[in-house]
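The following features are taken from Swiss-Prot:
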| type | residues | note |
| --- | --- | --- |
| REGION | 7-31 | region 'Interaction with Gp41' |
| MOTIF | 26-32 | motif 'Nuclear localization signal' |
| REGION | 112-138 | region 'Disordered' |
| REGION | 191-228 | region 'Interaction with human PPIA/CYPA and NUP153' |
| REGION | 279-365 | region 'Dimerization/Multimerization of capsid protein p24' |
| ZN_FING | 389-406 | zinc finger |
| ZN_FING | 410-427 | zinc finger |
| REGION | 441-508 | region 'Disordered' |
| REGION | 513-517 | region 'Dimerization of protease' |
| DOMAIN | 532-601 | domain 'Peptidase A2' |
| REGION | 561-567 | region 'Dimerization of protease' |
| REGION | 600-612 | region 'Dimerization of protease' |
| BINDING | Asp721, Asp796, Asp797 | Mg(2+) 1 binding site |
| REGION | 838-846 | region 'RT 'primer grip'' |
| MOTIF | 1008-1024 | motif 'Tryptophan repeat motif' |
| DOMAIN | 1044-1167 | domain 'RNase H type-1' |
| ZN_FING | 1173-1214 | zinc finger |
| BINDING | Asp1234, Asp1286, Glu1322 | Mg(2+) 3 binding site |
| DNA_BIND | 1393-1440 | DNA-binding region |
Amino acid sequence: MGARNSVLRGKKADELEKIRLRPGGKKKYRLKHIVWAANELDRFGLAESLLESKEGCQKILTVLDPLVPTGSENLKSLFNTVCVIWCIHAEEKAKDTEEAKQKVQRHLVAETKTTEKMPSTSRPTAPPSGNGGNFPVQQVAGNYTHVPLSPRTLNAWVKLVEEKKFGAEVVPGFQALSEGCTPYDINQMLNCVGDHQAAMQIIREIINEEAADWDAQHPIPGPLPAGQLREPRGSDIAGTTSTVEEQIQWMFRPQNPVPVGSIYRRWIQIGLQKCVRMYNPTNILDIKQGPKEPFQSYVDRFYKSLRAEQTDPAVKNWMTQTLLVQNANPDCKLVLKGLGINPTLEEMLTACQGVGGPGQKARLMAEALKEAMAPAPIPFAAAQQRRTIKCWNCGKEGHSARQCRAPRRQGCWKCGKAGHIMAKCPERQAGFLRVGPMGKEAPQFPCGPNPAGADTNSTPDRPSRGPTREVHAAREKAERAEREAIQRSDRGLPAARETRDTMQRDDRGLAAPQFSLWKRPVVTAHVEGQPVEVLLDTGADDSIVAGVELGSNYSPKIVGGIGGFINTKEYKNVEIRVLNKRVRATIMTGDTPINIFGRNILTALGMSLNLPVAKIEPIKIMLKPGKDGPKLRQWPLTKEKIEALKEICEKMEREGQLEEAPPTNPYNTPTFAIKKKDKNKWRMLIDFRELNKVTQDFTEIQLGIPHPAGLAKKKRITVLDVGDAYFSIPLHEDFRQYTAFTLPSINNAEPGKRYIYKVSPQGWKGSPAIFQYTMRQVLEPFRKANPDIILIQYMDDILIASDRTDLEHDRVVLQLKELLNGLGFSTPDEKFQKDPPYQWMGYELWPTKWKLQRIQLPQKEVWTVNDIQKLVGVLNWAAQIYPGIKTRNLCRLIRGKMTLTEEVQWTELAEAELEENKIILSQEQEGCYYQEEKELEATVQKDQDNQWTYKIHQGGKILKVGKYAKVKNTHTNGVRLLAQVVQKIGKEALVIWGRIPKFHLPVERDTWEQWWDNYWQVTWIPDWDFISTPPLVRLVFNLVKDPILGAETFYTDGSCNKQSREGKAGYITDRGRDKVRLLEQTTNQQAELEAFAMAVTDSGPKANIIVDSQYVMGIVAGQPTESESKIVNQIIEEMIKKEAIYVAWVPAHKGIGGNQEVDHLVSQGIRQVLFLEKIEPAQEEHEKYHSNVKELSHKFGLPKLVARQIVNTCTQCQQKGEAIHGQVNAELGTWQMDCTHLEGKIIIVAVHVASGFIEAEVIPQESGRQTALFLLKLASRWPITHLHTDNGANFTSQEVKMVAWWIGIEQSFGVPYNPQSQGVVEAMNHHLKNQISRIREQANTVETIVLMAVHCMNFKRRGGIGDMTPAERLINMVTAEQEIQFLQAKNSKLQNFRVYFREGRDQLWKGPGELLWKGDGAVIVKVGADIKIIPRRKAKIIKDYGGRQEMDSGSNLEGAREDGEVA
């Protein structure tokens, strides 16, 4: 310490302690900074004695100056300290560090006569290589010369490596020492390292790799002129094949300089970083602060690991700002988050000093109380009781024993008794056991001591003085007086009773104001007429409020609480009005975080703390009508199972879940036992299949399991489990008898013991639905009281997530546990998860990510069908986060009808697929949580095996992935499959997130629109973007719509004999060529395909092919990309080779040109030629109205093939394909309405959902008034009971709502792109615009053409339900509805009559029977299960009047009746 003590002495040391560390800061320099600087100098090979003089400090600054821009924080601090010491030695006055640096800078500029400024240490910037004053390459007289490295620099480098042993400090140390060096100098530094040859070898390998990459990227340009400097190779940069002079020339030549020194330094840094990672394998993500570890120690470890990270400065800066705070312990994290955004390291270290001590915790609690005042106040525990102040030391009033000046007396300062101290005084305990009556007979306020009588310090069940009997007698007397007073006020003041009734929250047996603990009990009180918000705190002895002026008649008091001691003013006999009751009590005013009423006022108000026990009401369950319970015999069981079942039943009986069945119970269900997963314990199972058949049906309330990707990102998560979930739900008493079962005995040694369930049993079909319903009812108040909490409940698994503090989050979890425990649900501690990772629903959750729990694929020698099914199930489960999982070939192993135990023979493709899946599963994948404010996106990709994969993400964060490989058709088209994939993703997104994502599809827009022309039903697909990730979905061949001029035309045909299965396929061309092939074991369709394949194979690059097979035309027009048919795949391969191909269809056997010739060629005139009439009138009809296929077929009697060909040959109708009609499940009165736009006009469209009938017209503006007028027109023409629209402003306007109310229309609204929304009218808008485009030239104005198009669509378009036009279908539905209503009305009248009748010669009257129908000559009567036809003359019809029936004695009873009823 000698040298260190001699650095600054006497006045110089005093001057040091006057200089501030920061401008305007409080901290100043101390001698410890000098000691630290002396230690740091040794690291740089500098003697600490240099600090003793001005010249020595100047030498230090000269060495440190070039290292500051790229140096560490320690280096900058050392530089700053030396600047301050220099100023003291030079007798330069400096107030702080910055001023000292400025003075040093001016001095250095004056001495070196240069304008260069000292680098700033606050924001390091890397200087360009070669710009400095102390570098090995220096400019002398305009020439660059090389100065070898000094021994001090080499010694500092060797010492750094030896001390740190390739720690994280080696990389920045090398950067600083090698700044401006040539490769020669860097090799000299590496050669100085004697040990650590393994690390040196790693560096050499990195150098070789980088040199090879350099050579590959910079090829030799060719021979150079004599005397010209060559370009450096990789070995030149490494210094092995180049001289120092060449290196300097490359670095500093005027044109195209190559900084070989900087490049070589970067290579070495890569190698050093690799060595650091090898010598220090700790990941920075694993650097976390221990519970009791000082924050400074944690920061040291963090930065040491940070230096070893191989990443750019931006990422390191992010790690510093994020991970340093995130991985701190909870105490430090709470402090750091209070510092705001991006605090400095010094601020962090200062704030976290002493974290964890009692003082810091008290400060945190006080601050938390103050922060919580605005949103929701939290209780503040007041100090010790000081109501009736009497000194137990001297016996005088007016002061306490603490303030007494008399000599101390032994004993308790609270009660004055000996044997204990005040902290353990029994009088300080608060008892809240209720003595008074509970229920509806209770008074307005719960019973308690009389505020004017009993001492408010005493508790209801523990007297402070006097015998217990006297206290209880006084309490009962006060209670009787209070009840009588309230009863008198009720009799005299009805308003008082009404006011009290309104204050009661619900009827749970306590007729008094009740405060739910779902939130803090805060009420408004008036203190001497001044309103204040106060917290009712049963844990506080005194009452303290702030902001109230009560005058000067007070006594000063000091009370203690969580936040420390508070100076207060105590006022006695203050009038307080709260909850419509007035009392006088003692209250204090002071600087309290929250206003509280303690027990002194609560007791005076007559309040008490009660715990009402809630009860789950059982739900009434019945058997199906006419069914009885199960009566099955118990099958034999092994002795081991019987003993296990006996033990289980005895335990369940003790816990109240079972009870013995009475001997009168006739029902029984077999029971048995199986081993649990651990193979040590048994599980009781009961075969409730028979009981499930006869039990009434239930509805599953929760249809699916929640997905972690749908959870919002929260800071804190807790997972808990409801133990014995079903066994916590009581079973209705009337149903318990049906759950009876019997425990048999060995050898029938004794009668079996019979039990019935008192709770919902496992295996019974009603347990899940009842449990779900009950849990929803239980948790509903909790959800409403905590809207910021995410509560996910699926069966017995509960997840709670929030952004609250640890304390608040744990408090909410504790409230939930207490709620469940209070209702009889257990929450076992072994399944309570407070710290990540959380095991939940098969997932592994973390606060910022989620994963699947570990997936282990089975390893088997012999695989059965059941094993493959389980394997595929596991892989499908993994596919939600592991992209690339495939199961197609595995599923093919178990195609067909196979038993579960049948052995499976593996194929090579299936084995390869399984191995590929194993590789995918070996790489762990993570998912992220949903952020509602960000856009939801879905990216779809297609692999080479026609399997589709997709990921749903928000930016770069993946929420989940999935796959799709369903191929429903033999011949598939990639675009059609893509539409199916989008539909699946859309449905999945609606279920999980309730919104449709934006799609990124691997298809070109032209390809999509070309296919969409024929399959326009996919127009509901929302916004999508094209992505160029191969393989793209393409239409593989160019199918043109018009005949190709100059190309050869092929007419194809095929035929087959159904008996012999022999056939022919062939073609004939317009150029005289023909070809026929004999086929065996074929079909007509196969023969047609063979003929088409022959034509495609034998044709040139362009061809016209005419077919008469609708089957072939349908396959080719669909443009399949692959097929399971060998012939179709051959056709696809051949058509890909064609430049263009035109395919058309003509009706078979119509005598059409080459088609007739090829028909004779392949069938030799066997077929009969039919000529169809009325083709021309049908074509004229279509050209005028553009009718659809079914309308032409119906009106002109044409086959559908011919009618479809007429439509297909129409250029306008060919723009969009024929609609694929489906059945819409809709009521008669349901309409959908929407507005669309055309040519700048607004068209309002209404569609009858069930029939497709359309009403449309042009409106001047899209307003509520115009929409309401159109709705009135619509309602005046057609029956309408339900109108469905989107949520546009015109449809949600008051005018439309008023019209809907006046007419009696139920109005509902949908959302865009929802398949269950306004899809019918959206599609009809599309139809209407297409129809208008076909006939647009027939009218001038939009108003006219809209009405003409509506006429065509309603009367000229046939198809759908009933093969009718929309107008016919709507009228048919209206008339059918009227007829049904008439018949139902008539049948309901007939049901009011009974028939007595005679049969044959039997003179006895029989009956009564139920009248089904009454005709002119006979009636139809139902008697029991028989239906009889009785002549009118043998039947007597009477009306059923309930309890009185009159016989019809004459035919006049069937005519006019007094009540007007006629049978």
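Counting begins at 1 with the first residue displayed.
Each residue, glycine too, has its Cβ placed from N, Cα and C.
Quick caveat, the model's predicted, so the values are computed rather than measured.
A map of Swiss-Prot features onto the structure.
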residue	record	DSSP (3 states)
Asp721	Mg(2+) 1 binding site	strand
Asp796	Mg(2+) 1 binding site	coil
Asp1234	Mg(2+) 3 binding site	strand
Asp1286	Mg(2+) 3 binding site	coil
Glu1322	Mg(2+) 3 binding site	helix
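Within 8 Å of the Cβ centroid of the Mg(2+) 1 site, not counting the listed residues Asp721, Asp796, Asp797, the chain contributes Leu720, Val722, Ala725, Tyr794, Met795, Ile798, Lys831. Residue pair Asp797 (Mg(2+) 1 binding site) / Glu1322 (Mg(2+) 3 binding site) shows a Cα separation of 42 Å.
When Cβ-Cβ distances below 8 Å are used as the criterion, the region 'Interaction with human PPIA/CYPA and NUP153' (191-228) is approached by residues 154, 157-158, 161-162, 165-166, 234-235, 237-238, 263, 267-268, 270-272, 274-275, 278-279 of the same chain, each at least six residues removed from its ends.
Around Asp1286 (Mg(2+) 3 binding site), taking its Cβ as the centre, 20 other Cβ atoms fall within 10 Å, counting all chains. Nearest Cα neighbour of Asp721 (Mg(2+) 1 binding site) among the listed binding-site residues (Asp1234, Asp1286, Glu1322): Asp1286.
Cα spacing between Glu1322 (Mg(2+) 3 binding site) and Asp796 (Mg(2+) 1 binding site): 43 Å, rounded to the nearest whole number. In this structure, Asp797 is the one among the binding-site residues Asp797, Asp1234 with the smallest number of other Cβ atoms inside 10 Å of its Cβ. Rounded to the nearest whole angstrom, the C-alpha distance between Asp1234 (Mg(2+) 3 binding site) and Asp796 (Mg(2+) 1 binding site) is 45. Under a cutoff of 8 A between CB atoms, and with a sequence separation of 6+ in the same chain, the neighbours of Asp796 (Mg(2+) 1 binding site) are Asp721, Val722, Gly723, Ala725, Phe771. There are 18 other CB atoms within 10 A of the CB of Asp721 (Mg(2+) 1 binding site), with all protein chains counted.
The Cβ of Glu1322 (Mg(2+) 3 binding site) has 20 other Cβ atoms within 10 Å, all protein chains considered.
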